[in-house]
Amino acid sequence: MSNRFAVILAAGKGTRMKSKLYKVLHPVCGKPMVQHVVDQVSQLGLQKLVTVVGHGAEKVQEQLGNVSEFALQAEQLGTAHAVDRAADILANEEGTTLVICGDTPLITAETMEALLKHHEEAGAKATVLTAYIEEPAGYGRIVRNENGHVEKIVEHKDANEVELTIKEINTGTYCFDNKALFASLSKVSNDNAQGEYYLPDVIEILKGEGHIVSAYQTEHFDETLGVNDRVALSQAEVIMKNRINHKNMVNGVTIIDPSNTYISADAIIGSDTVIHPGTIIEGKTVIGSDCEIGPHTVIRDSEIGDGTTIRQSTVHDSKIGTEVSVGPFAHIRPDSVIGNEVRVGNFVEIKKTVFGNGSKASHLSYIGDAQIGENVNLGCGSITVNYDGKNKFKTVIGDGVFIGCNSNLVAPVTVEDGAYVAAGSTITENVPSKALSIARARQVNKEDYVDQLLNKKKS
């Protein structure tokens, strides 16, 4: 196998997106389009990967980091001009170069690997990735000769009646002999209506020099979808969503309603987990086996242990242990660590808190900037008062603590192991171990007060 290189074209402005966001950074199933392409291309055993950037170059470089080298196309003068920007990095290399657009998020490593192998086995100087479609209007047609090699690529507007009947189309993805590619780029002319340098002209140049130009036809036309506007973006989203859901179901995950379930491409879900409708799983979330998620639940960049149930709730950037029950209508905010066999009930919000094994907050509580021990019971309406208008303060609750209903813990404060806090208390000082703390006004009953008040009003 020869050395392999790839050039990703990601310099276009994307005017038809009508967006402030650079086109290739628009997400599909939670991941930028160009990141999808890079993730797949990176599986091909490349020696070098070059991404050609233009508009929004800094943001694309920030997204991709050091997985790619970058070449700048400061002025967009066509696809051949874009590839030529990578000359300083690749022109002297021996091997095969894949050229692909950064707005094709559905392309898979398997299809690109098949294209590369076909190219190498055919002994071609260039190979075009093609597809067969029943309605090819608007696409460039592949005209083959009697040997099955590519004779030319004809744009729809330039095709004659015979060529218009061809249903094999150019997808815009190519393989080239690297040296032949960069030698040909210098020969491409911009003598056309747009005054731009087009990559398909390299095919004509190589063909004219007597080189073999081959074509590899993929069975998966959907993979070649280029996203140029919001309509195509939504189409890519649906296709990717279905692909991700199918993969999870094949791997043993039950998805009750795949059409109403949204799972990130980077999410990992264990077998025998059930996903209910309206669930959104984002980022690099990891969910264990035998879990029940949803309905109407959002989980982002979090780790969920085996056997955990999360209903009608939101979990962000947190870790939840095994056999935990969350919801309905709970909110686990970033930097929270929930232990095993924990109960986080309805209308409970937890933020930046370590919540120990076996502890419970079953209803109507806010727990923020806290450290909760094991086997703690937080009664209905328990609140950690963590903010004084300027700074956040920590609440520490030891093991086996019982907090009565409607209690306020004014941080910084510590309730030591085994202590009890009476219902309705506002705790402003530390509570010793095993102590009962009562911090509320003493009840006063005024006998016959109501009758006296009403008689007084009548008189």
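The backbone N, Cα and C atoms fix where each Cβ goes, and this holds for glycine too.
What Swiss-Prot lists as active site, proton acceptor is His363, and the listing cites sequence analysis. Residues annotated as UDP-N-acetyl-alpha-D-glucosamine binding site in Swiss-Prot: 9-12, Lys23, Gln73, 78-79, Gly140, Glu155, Asn170, Asn228, Arg333, Lys351, Tyr366, Asn377. Taken from Swiss-Prot, the feature Mg(2+) binding site applies to Asp103, Asn228, supported by sequence analysis. Summarising the annotation, Swiss-Prot assigns region 'Pyrophosphorylase' to 1-230 and lists sequence analysis as the type of evidence.
Locations of recorded Swiss-Prot features on the structure.
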residue: Leu9; record: UDP-N-acetyl-alpha-D-glucosamine binding site; contacts (Cβ under 8 Å, 6+ apart): Val52, Thr79, Ala82, Val83, Val99, Ile100, Cys101, Gly102
residue: Ala11; record: UDP-N-acetyl-alpha-D-glucosamine binding site; contacts (Cβ under 8 Å, 6+ apart): Val52, Val53, Gly54, His55, Ala57, Gln73, Gln76, Ala82, Arg85
residue: Lys23; record: UDP-N-acetyl-alpha-D-glucosamine binding site; contacts (Cβ under 8 Å, 6+ apart): Gly12, Lys13, Gly14, Met17, Met33, His55, Asp103, Val227, Asn228
residue: Gly78; record: UDP-N-acetyl-alpha-D-glucosamine binding site; contacts (Cβ under 8 Å, 6+ apart): Asn190, Gln194, Glu196, Tyr197, Tyr198, Leu199
residue: Gly140; record: UDP-N-acetyl-alpha-D-glucosamine binding site; contacts (Cβ under 8 Å, 6+ apart): Ile153, Val154, Glu155, His156, Ile169, Asn170, Pro200
residue: Arg333; record: UDP-N-acetyl-alpha-D-glucosamine binding site; contacts (Cβ under 8 Å, 6+ apart): His316, Asp317, Ser318, Glu349, Ile350, Lys351, Lys352, Gly368
residue: His363; record: active site, proton acceptor; contacts (Cβ under 8 Å, 6+ apart): Gly345, Asn346, Phe347, Val348, Cys380, Gly381
residue: Tyr366; record: UDP-N-acetyl-alpha-D-glucosamine binding site; contacts (Cβ under 8 Å, 6+ apart): Val348, Glu349, Lys351, Ile383, Thr384
What residue among the binding-site residues Asn170, Asn228 has the most other CB atoms lying within 10 A of its CB? Asn170
In three-state DSSP terms, Tyr366 (UDP-N-acetyl-alpha-D-glucosamine binding site) is classed as strand
Excluding its own, the Cβ atoms lying within 10 Å of the Cβ of Asp103 (Mg(2+) binding site) add up to 27
Per DSSP (three-state), Gly140 (UDP-N-acetyl-alpha-D-glucosamine binding site) is coil
Per DSSP, to which secondary structure element type does Lys23 (UDP-N-acetyl-alpha-D-glucosamine binding site) belong, with helix, strand and coil as the options? helix
